[in-house]
C-alpha cells in the first residue's frame with residue numbers, strides 16, 4: 001500500500017521525467033531513515049514551488065517514518081503558516097522546540113504564528129527568546145519592535161529597532177519603523193532623518209515618502225511635506241490616502257481650494273474612503289460653503305456611523321446653516337464617540353442636555 | 001486696445017462725470033417745467049438745511065427729488081451727502097460726496113473731511129485715513145484746534161477699525177422680526193434675564209396721543225412689550241397709560257426678573273424713573289430722587305441683579321468726559337460714584353447694562369478703541385476693579401453709533417438696534433447670536449506606519465480646545481402657588497448667602513401669575529427662602545461653586561398653610577459628613593425656624609432626620625436621629641420651650657424619591673419638620 005502511494009506521488013511530482021520514475025522506484029527500496037530524508041527533501045521542493053498541501057503530506061510521511069525529525073516539524077509548521085493554519089503551525093513549532101531547544105528559527109517561526117493568531121504577548125516572548133539565542137538576528141528585534149509599537153510602547157519599540165539597525169545597518173524596514181516610532185514620540189526631526197535613510201537604502205520604498213511627508217507636516221514644514229507628497233504622486237496616482245494626506249497638508253497651508261481638489265481626487269479613486277469625504281467637509285467649512293460641508297460630512301457618516309470627526313464637522317456646518325438642533329445632536333454624538341470638545345460646543349450653544 | 005482709443009475713452013469718461021450742471025435754463029431748454037419743479041425742491045430743501053440747527057431729515061427728501069432731475073450738480077450732491085451724514089443711514093452719504101468732489105473739487109473747504117467721514121462710515125479705513133490727512137492742512141479758524149483733535153481721533157478710530165475688522169466676532173445678527181419692529185424707529189430693547197419678556201421704545205403711529213414731535217417730525221416715543229411664545233415673539237403691544245403718556249416715554253432698563261422697569265422721561269433735563277409691574281399692569285413710573293437725577297441729562301440705567309444698586313449715565317458736571325457712568329445704592333444715602341477712568345473716558349459713555357452675573361458690564365463709549373461713534377464694550381469687575389474694556393468687535397460694532405446693548409443671562413443672545421439694509425424701516429431691533437470662537441474643523445489622517453504591516457494607522461484627531469466664555473450665573477425661576485388651591489401667590493423670595501448668613505436680595509413673585517426669577521451668580525452657597533404670611537416658609541439650596549457654568553433651573557414652589565400634619569423640608573440645614581454636627585451655613589435656616597416658633601407660640605413641631613439607603617439601616621436610623629436632635633438642641637438653647645419640640649430619626653424608611661439615582665438620594669437625605677400642633 002505504502003509503496004503504491006509513494007509511487008503515485010512520484011508520478012505526480014515529475015510526470016514527464018522518466019528518470020524520476022526510476023529514481024522513485026529506487027527510493028522505495030531505501031531504508032526507512034533515508035526514506036524520511038527523501039520525503040523531507042521532496043516536501044521542501046514542493047514548498048518552494050508553492051504546492052503547500054502536497055508538501056505537508058511529504059512532511060507528514062517523513063514524520064511518520066522519523067518522529068524525532070525536528071526540521072520536518074519546523075518545515076511543516078512553516079508550510080502550515082503559509083496555509084494560514086496558524087494553530088497547527090504553533091503545535092508543530094512546539095514539537096520542533098521540544099526536539100531542538102536551541103534552534104532560534106523555531107522560536108521565531110512560532111512568534112510569527114502567534115502573532116498571526118492575534119497573541120502578541122506570546123509572540124513577544126518568542127521573539128525575545130530568538131534574540132537571546134541569536135542576538136545578531138535582526139528580524140527578531142524588528143518584529144518585536146513592531147509588536148511593541150502596536151502596543152503603544154514606543155520607547156521599547158525604539159530600543160528594539162535600534163538593535164535591529166545595530167546588527168543590520170542596511171535594514172530599510174527597521175529605519176522606516178524606527179522613524180514611525182520617533183514620530184509617535186514627537187521627535188519629528190529624528191523621524192524625518194530615519195525615513196530619509198530608509199529611502200536611501202531602498203529608493204523604491206514609496207510608503208516611506210508618504211510617511212516622511214506626514215512627519216514634515218507634523219513638524220510644520222508644510223513646504224517640505226508637500227514636496228514629498230508631490231514626489232510620491234508623480235510616481236503613483238493610485239492611492240486615495242496619498243491624495244487625502246496631501247489635501248490635509250494643503251489645508252494646513254491655508255490652500256483650501258487645493259485641498260478640495262485633492263480630497264475630490266481621493267473620492268474619485270475610492271468613493272468609500274470616509275476620511276476623504278470628512279476632510280473635504282472640513283475644507284468646505286473653511287471656504288464657508290456650509291451646504292457642501294454638511295453633505296460631505298453626512299456622506300462620511302453614512303460610510304462610518306461611528307465617525308466622530310465627521311459628526312463634529314457636520315455640527316459646525318449645521319450651526320452655520322442655522323440648524324441649531326441638528327448641530328447640537330451632531331456635537332453631542334461626536335462627544336459620545338470620544339471628541340469631548342463636542343460637549344462644550346453643545347453646552348455653549350444652548351443645546352439641551354444630551355438624551 | 002490701441003493707446004489713442006484708451007486715452008480718448010478716459011478723456012470722455014472724465015468729461016462725462018466731471019461736468020457740473022447748474023439748475024438753469026441753458027442746461028434744460030427742453031424741460032422748463034421739470035426745471036421749475038426741481039428748483040422748487042432745491043429751495044425747500046435749502047430752507048430746512050439752512051435752519052439753525054439744520055433740519056437734515058426734512059431737507060433730504062426734497063434734495064433727492066431734485067437729484068432725480070439733475071444728478072450732476074456739485075452743490076446738491078454735497079448737501080445730500082451732508083444730510084445723509086446726519087441721518088440714520090450715514091453710509092449712504094459716500095457716493096454723493098464723491099460725486100460732488102468729482103464735479104467740483106473746490107465745492108467746499110470741508111470736502112476732504114466730509115469724504116473722510118463718508119469713507120469711514122463705509123469702513124473704507126485706508127481711504128478714509130488718507131482723506132482725513134488731506135483735510136488737516138485746510139483746517140483754519142477759531143475752532144481749528146478742536147477740529148484737528150477731532151480729525152486725529154477719527155484717524156485713530158479708522159486704525160482701530162482696521163485692526164478689529166481683521167478679527168471679526170463670530171455672530172449672527174438677525175432682525176428680530178415684524179412682531180416687534182415696525183416701519184418706524186424701534187430701539188432701546190431691554191430683556192428679562194431668561195429672554196421671556198422684551199420691552200422697547202418705538203416711535204410708531206399708534207403712540208399714545210398720536211402726536212408728532214414738532215422738533216423731529218416723528219411720533220412721540222412710547223414703550224412696547226412682547227413676550228416669547230413657542231412660535232416666537234408675540235405681537236408687541238403698547239403699554240398704555242400710566243406708563244406711556246403724550247410726550248416721550250422710553251424704556252432704558254429692566255430688572256432681571258422683569259418686575260421693575262427703568263424709564264427715561266424728559267423732565268428736569270432728562271430724568272430716570274422706575275415703574276413696577278403689579279400683576280399684569282405696570283404702575284405709574286415714580287421719580288428716583290436727587291441722588292440719581294440731577295438737572296443734567298440722565299439717559300440710561302441698569303439694575304444690579306440684586307436690585308439694590310443702579311448703574312446710570314449722566315452728563316452732570318464733574319465727570320471725566322461729557323457723559324459718564326455712575327453707580328449708586330438705590331436705598332442708600334451715599335452719593336453716586338463715578339466708575340472712574342478705566343471705564344469713563346474724556347468722550348461719551350452711554351447705554352449701560354449689567355449682566356445678571358453681577359460683575360460683567362456692557363456699555364457704549366466713544367472713547368477706548370472705538371472704531372467710530374459709540375462702540376459697545378465689555379468690562380468685568382474682578383478683584384475690586386474693572387477690567388480694561390474690551391471692544392465687542394466687528395460686525396457688532398460699526399463705524400456708526402452702536403448703543404443700548406443688552407445680553408441674556410446665558411450670554412448666548414444680545415439685543416440692540418441698528419439701521420441696516422434688511423430693516424423694516426428706520427431703526428430696528430436686532431438679535432445677536434454669539435457663536436463663540438471659531439470651532440476648528442477636524443481632519444482625519446492615516447498612514448501605513450509599519451513597513452511590515454499593510455494596515456494603515458489612524459492618527460489621533462487634533463481637536464485643539466477652544467476658550468469658552470460661559471456666563472457664570474444660574475437662573476432660578478418658576479411659579480409660586482398655594483399648595484391647596486393651586487392659586488398663584490405674590491410671595492417674597494429671599495436670597496441668602498449661607499456662609500455669611502447674609503440676606504443678599506429680596507424679590508416678589510408676580511401678584512397675578514406667581515412667576516418669579518432670581519439670578520444667582522456663581523461662587524456662593526445660596527439659601528432661597530420663599531415666604532408669604534399665613535404660610536410655612538419653603539427653602540431651597542443652591543451651592544454654586546466659583547466658575548459654575550450657566551444653567552437655568554425651573555422650580556415651581558407650592559407653599560403650604562400652617563396645618564397639623566404638614567411637612568416642610570429644611571434644605572439649608574447642613575451637617576458635617578457622617579456626623580450630627582451642624583455646620584455654620586445652617587445658621588440662617590435655624591434662625592428662620594426659631595423665628596417661626598416665636599411668631600406662632602402654639603406651634604409644636606416634630607423635627608425628623610432622613611437618609612438615603614446607602615449604608616446599614618441601623619446606622620442610618622441612629623445618624624438621622626442624632627441629627628434631628630441636634631436641631632432641637634439648637635432651638636432649645638435659643639430659648640424655645642423643649643416641650644414644643646420632638647425629634648425622630650427615620651433613616652431610609654421614608655424616602656421622597658428613588659434611591660437609584662444620585663439626585664434622588666440627595667433628595668432623600670434631608671431634615672424635615674412636621675406640624676404636630678398649632
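Placement of Cβ uses the backbone N, Cα and C atoms for every residue, glycine included.
What TrEMBL annotates here:
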SIGNAL    A:1-20  signal peptide
REPEAT    A:36-69  repeat 'TPR'
REPEAT    A:70-103  repeat 'TPR'
REPEAT    A:138-171  repeat 'TPR'
REPEAT    A:172-205  repeat 'TPR'
REPEAT    A:240-273  repeat 'TPR'
REPEAT    A:274-307  repeat 'TPR'
Tally of DSSP helical, extended and coil residues in the repeat 'TPR' (A:70-103): 27 helix, 0 strand, 7 coil
For the repeat 'TPR' (A:138-171), residues assigned helix / strand / coil by DSSP: 28 helix, 0 strand, 6 coil
Tally of residues which DSSP labels helix, strand or coil - the repeat 'TPR' (A:36-69): 27 helix, 0 strand, 7 coil
Averaged pLDDT, computed only over the residues in the repeat 'TPR' (A:240-273): 97
Number of helical, extended and coil residues in the repeat 'TPR' (A:274-307), per DSSP: 27 helix, 0 strand, 7 coil
